């Protein structure tokens, strides 16, 4: 600790000192608010709104607003906010993250900033990690908010559009992070303003903020449509991979291995060696999937390479019951940070299809991205952002760097007395498991409940089998049994209870020492008062037993890549001043040690074990683990920061496109925009054939006539104009062409009416914009995947990506204008007389064909035999609709056939 810190205190301490002055002010108001009647207390909400309208700020009314919520909570919920919860609430009204230890009442704390900021009327979003927590927190706090005149909504998957709109219209909306992000994307795919759900993104309060803004940061939210089917190719290529041999390190000038591929476990990437490439190519040629003499890396084989690499990654880097589970014939992803299954989510880049082929389940078609956004960029759209979690301080630098959020550590209401014991290291996993089982046996004998944390479904099941063998009764909480999560967590605090859990560890639900009598009461159908009293008495007895045994004991079966996840596991114990203990058991075979400690360090540590099954505890061990975790955290931070720098480029473009879409949805008449675009497009086309300020000899009039005819359906005799009028120069010629285009368009508008034409313009613009944006997203994906290769040419990939993506975006906007004007100019508007004439001609023709016993289809398309139908008795203009009813111009339909005859 520096001298300055000793004198002035840390920044965190200085912030807390300042906030404690506000707490004193709020506490002084308590007697006055206690004296208010219910109606007077309820009336405070309207009073605060009026004061805000009158020019007061949120900070000015904060003490009174917090005092109001505290008093209402006492009356409605029977809970009084602690002073530390008031401090947490004040931190959350600013752009800050409140680190509040597990069990300190984050749900109740959130009511303070939510009420205060909802007074502005812009809406408040309380963001949770799953549906269960969103529903639970909303129902818990609903009586309090409704007492104060605030409406509460819940936004979870599966709601109808009306229910969603109602949820978003509420003053305070509880929602999952994924549903908020997807609704934002859906809003920007809507075809009318009535289809949109979200209003202004004002204030988001993110619960478990580290899970959402750090762990989920690399996961983009994607809405996709079906792309071309290629499942057969995944199944074919899947047969090749088992024959490939792994090589420990990449080939260099000094080292030439004999394997077919190498793995980078840190970044989860696989690479073919030269030997592997040849082997794959030989196999593909033998299977008839690639012609002889071709290369896997040739441009024409890029799709085949994509399938091979996806299959290689699926077999070598993604494990069943670790990264995913197979359930009901489908591959379900397991969240590496929480251990929860993520139903409905699919890996991109063909990886999910490759894993489906590997596991022998139905291979679904690949998808094409229609809209996407990362959590990083979605949550940065909010005017105000705040978050709370039990473990944020280790990631404080990242929160500040990426989101501009300062982390404030909130003191606990009662001192934390948990005993965090030194880590124990073993030579291998078997010795480690033996020690864990002995520790569990000891706890069970002393009637101390145990929570054992594992990093994967696979490890939880291995340990479960070992406990079964040892005859120890236990519960398992992992991705396969997540439906029973609340029930298992409710039982985890009973005397001698043993619970094995993946990283999820019942996060968001307290483990109550002695068990949860309320959960037991909920199982009973209409419990009597006597039954409830009996359950309470039983709980008090069990609670006393567990307290004497030392509270909840936490066992970590290995260190996670992030210290934060380890702290979350430890945080299940020692809540609100309860006793508790924790210890991590490690082995040299653990993933963290294998991937992030070099072979030299591992060998050095291996030599320290002189007796089989011996345990090692030392300060050096703690330093080695801390060093490995710091490396991993730095690696992942760089990855997230790098991803954000690339995504920021796409984000600027996304913002521009969505702004354009919203303009289109909010305006019924976009004719001015269409007119401006028409001028740009026609002038752009004319420039290509009549360069500005050029000589007449440089003009390509024939090319211009053909282009205008082909793309815009305009038959203009420009050559004749020039012959007839010697004074027709470049500028007047441009004006004449544009005037004719506008005149023809006005004639169409007069036929159908202004409103109908404006509606059509809007529809064409939206449809074209969506289609081109979808294609642009696919192009951006391909660019992103290959841009690193520019590094070999001594170019900065990030700068190249920015440059290329800007060029592609500009081309897309030009293409948008061109396609819209081309569609609007070519559209054929029929008069009532023309439609009636076409219908008569169609019926006459059908009658003639039927008389000759020739088939005619329902769409009135002419058959091969009807090509010689004689229309010479009726004079038909070349540009008139063909009387056969095909919808084509006569010159492009039967007119051309008559001419040939």
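Backbone N, Cα and C atoms are what each Cβ position is placed from, and that goes for glycine too.
Going by what Swiss-Prot states, the ATP site holds 103, 104, 105, 106, 107, 510, and the candidate of 85, 520 recorded there is 85. Pairwise Cα distances among 85, 103, 104, 105, 106, 107, 510, the recorded ATP-binding residues, top out at 17 Å. When each of the binding-site residues 104, 510 is scored by how many other Cβ atoms sit within 10 Å of its Cβ, 510 comes out lowest. Excluding 85, 103, 104, 105, 106, 107, 510, which define the ATP site, the same chain contributes 100, 102, 108, 109 within 8 Å (Cβ to the Cβ centroid), listed in sequence order. According to its DSSP assignment, residue 107 (ATP binding site) is helical. Non-local contacts of residue 103 (ATP binding site) by the CB criterion (under 8 A, 6+ apart in sequence, same chain) comprise 510, 571, 575, 576, 578. DSSP classifies residue 85 (ATP binding site) as helix under the three-state reduction. For residue 106 (ATP binding site), the same-chain residues that are 6 or more apart in sequence and have a Cβ closer than 8 Å to its Cβ are 88, 98, 100, 207, 388, 390. If you draw a 10 Å sphere around the CB of residue 105 (ATP binding site), it holds 18 other CB atoms from the protein chains shown.
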